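Taken from TrEMBL as is:
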- Glu129: active site, proton donor (ACT_SITE)
- Asp277: active site (ACT_SITE)
- Glu376: active site, proton donor (ACT_SITE)
- Glu408: active site (ACT_SITE)
- Thr499: Ca(2+) binding site (BINDING)
Amino acid sequence: MNFTFLFIYYAVLAMSVDPLSHSAFTPRHLRQLQNRTKVLFQHGWGSYKRHGFPADEVRPISCVPYGPQYTKPDDIHNDVLGNVSLTVLDNLDTLMIMQQWDELESMLRFLEENKNDFFNKDHVVQVFEASIRWLGGLLLAHMALTDLEWKDTKMQEIAKSYNGFLLEMAYDLGLRLIPAYRTSTSLPLPRVNLAKGVDVIPSEKNREACTAGAATPYVEMTILLRLTGDKRFEILTRQTFDKLWAARLSLGLLPMSVDPIGNMWRDMITGIGALVDSFYEYALKGAILFDDDSLWEVFSRSYQSLVSFLAVKSSFNGFTFFANIDTTTGQLVVPWIDLLSAFWPGLQVLAGRLTDAVSSHLVFLKIWDQFDSIPERWFALPTGVENQSNAELVMNAVLLEWFPLRPEFIESTYYLYRATKDPLYLQIGLRVLQLFEIRFKQPCGFAGYQDVRTGKMQDRMETFVLGELLKYLYLLFDEANESYVHGAGMKNKNWVFSTEAHPLWMSKEAESRSQKLFKLHLSHKPTQLKTFKGKGIFGSMWRYILTPLNELEPESPIFVEILPTTPRFGPALRPAFEHLLVCETKPGQWNNSRKFLGSGYNEWNQVFAPNEALASTLVRPTHLQEKHEKNDIELLDSFLAVYGLSSKPYCALLATAKETEIQIGALVRPEQVEMYKVSEETLDLPFATADLVMPELSGRFRMEHLTEGFVDNYNNRVTQQTLKERFAGVKIPSGGNKLEILLVKFLNGLLIALGMNIWTSAAYLQTNPDVFKITENGNVFLTGLYVQNLKVY
């Protein structure tokens, strides 16, 4: 190849791209992108101030205020709105990050002038939303004004004049929300009337609470306790979190919704998206924020179960998505991906699982490539219907059609860039920025899609557009670490972003200082005239319709150690999921050394695997095709012109080998399964380093069938010679098939890499001779097929 010609080609290409769209990502360029993002925020905030304030929101197209719909009391949008200037509460920290000091000072003055009756509203709100948006916003602003040293002179003046009134407001709000948790079932009612409590709300409006909504407020409420000294906030909310965890079902998973009055799960379905997402998020973030080992244990065990039963992995280094399954059987229920689950790769980064995060994020990137957004719910698997028109394909792919500018995709992109510094994540941010400038920007803010299929826009700008999406986008470009959350003052704080993107932290010093100052404001009045009874634990229908494992016992232990503390084979064998405790510093899909002006995506041969595997649902709507834009972010000329030169990209062959998934034995929680990974070889055992040892073979197996002419998942075409070599030395039993070989690809969600073996007890397999045949040299046949990487000892 003529590299001189190639260099000239890329140089010309780089110079020919739009100067506003180039992908140099130099310090100067990143500062420009930050400034462009700030201009967008100023447009949205200014529009709200002029046309919406002091209402909760502003409509971006019609330019009118938007708040609770009192004529439509059953409108689901009322759960979020409360006539409390919600855009202000949810964006105090965004004003700080964007360094909008005059606006911040003005809003603080407004809140202080109206603090006494600010939340005394005869209005029903959802406790979850009020906790994460309103309470979280107040708490963050209070902490930022009292526990940080600011460099900016104007901000120093604002902090110096602050008298703590935001904490008083947070306390008043907390007292209005906490009655929802004073139930005999210890499960909170989802809604509360800010002025009148829970008794005025019809019971049918409080019969269903999502798991995330019931469990999540404990983080904001615990911070409120730490700052005020009022223990009610943590005791009641943490009790709910612990009870839900103790009531997890047989696979170690929690269903999506609960009946707080009937004290029972309302469904048997779970996933990682809507209704259950922030349970896992706050298990991990609470562990970090409060240095709580028990919460880390909740997340760690949850992660094992999610990987074991929900993860759908394409190959050893390919894409991954998490399906929705039945929590008792592990069976797939619906293979959709919802927009809210796009937060998951970011959480995987925070947990140190970079390889998993890159794989999970890839699917969301591919969806964005096609829709310039992510539909609220998208069907992940092929429909099986042939010869459909583009409109029919789009209709079948999109199950819920709106995109209200949710932030989760750019949130995960931000986390991945901070962890890997790969330029593709900046390219994603640049594309999102451009779409905000040319498509989502409206006269009075920003509008997402009411229908991604047709391009119809939505006349709504929820507070997370400014408070999360544009905030994460701005911070994505903050390579110079100029924002206070990236500055030196935060390095020694155990801070996390809340589920609403409020930076939260806590320290013993801040806790002690705040409680001393707040003593005069403590209220000892009861937070509810009477305890809401419900059916109670022992009167619950749960006792009659669920199995004993699913009952909520009053003294349920949160953790039960199942496995022996010392493996039966000695210290050379470690628990198979122990690697989850180690933080990765580099994604496993990428080469060890980063090339100059290179991207890991240009070295990853599975980048386009989703395009083939999900082709029937990764479909670009007609209204976007008509724009004649290049839509694949990873293939944009501006990106390849800079970051494509040093790479030798190639795609893996499409794997065509048949795959099957089988279940052996009963499915149980991963911690109940005895499964080890060999950390070092021992002379007295046949195991090799990195092998898996499972004395009693059980769980979820993903098998690959190797037959002549097909391509395996390692990019190899199977030939007669391949089969001959793999059968070498193997004695085929009577009835055995010598034209096909099985390989275990995944066992309980764990990758069985090439060269690894799974070892199990011969005595255990011999209890089922109709299924398993064992040869003299320890090889195993499963229903007549040789399993190459399954051995017995």
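Heads up, the Cβ atoms here are built off N, Cα and C, so glycines get one too.
Under DSSP, Glu408 (active site) is assigned to a helix (H, G or I) in the three-state scheme. There are 21 other Cβ atoms within 10 Å of the Cβ belonging to Glu129 (active site, proton donor). According to its DSSP assignment, Glu376 (active site, proton donor) is coil. Among the recorded positions listed (Asp277, Glu408, Thr499), Thr499 has its Cα nearest to the Cα of Glu129 (active site, proton donor).
DSSP classifies Asp277 (active site) as helix under the three-state reduction. Distance noted between the C-alpha atoms of Glu408 (active site) and Glu376 (active site, proton donor) is 11 Å.
Less than 8 angstroms from the CB of Glu376 (active site, proton donor) sit Asp338, Leu339, Leu400, Glu401, Trp402, Phe403, Pro404, each of them six or more residues away in the same chain. DSSP assigns the residue listed as 'Ca(2+) binding site' to coil in the three-state reduction, outside any helix or strand.
Rounded to a whole number, the C-alpha distance linking Asp277 (active site) with Thr499 (Ca(2+) binding site) is 10 angstrom. Annotation note: Glu129 (active site, proton donor) sits in a helical segment as assigned by DSSP.
Same-chain residues at least 6 positions away in sequence with a Cβ under 8 Å from that of Thr499 (Ca(2+) binding site) are, in sequence order, Ile132, Thr216, Ser278, Glu281, Tyr282, Lys285, Phe343.
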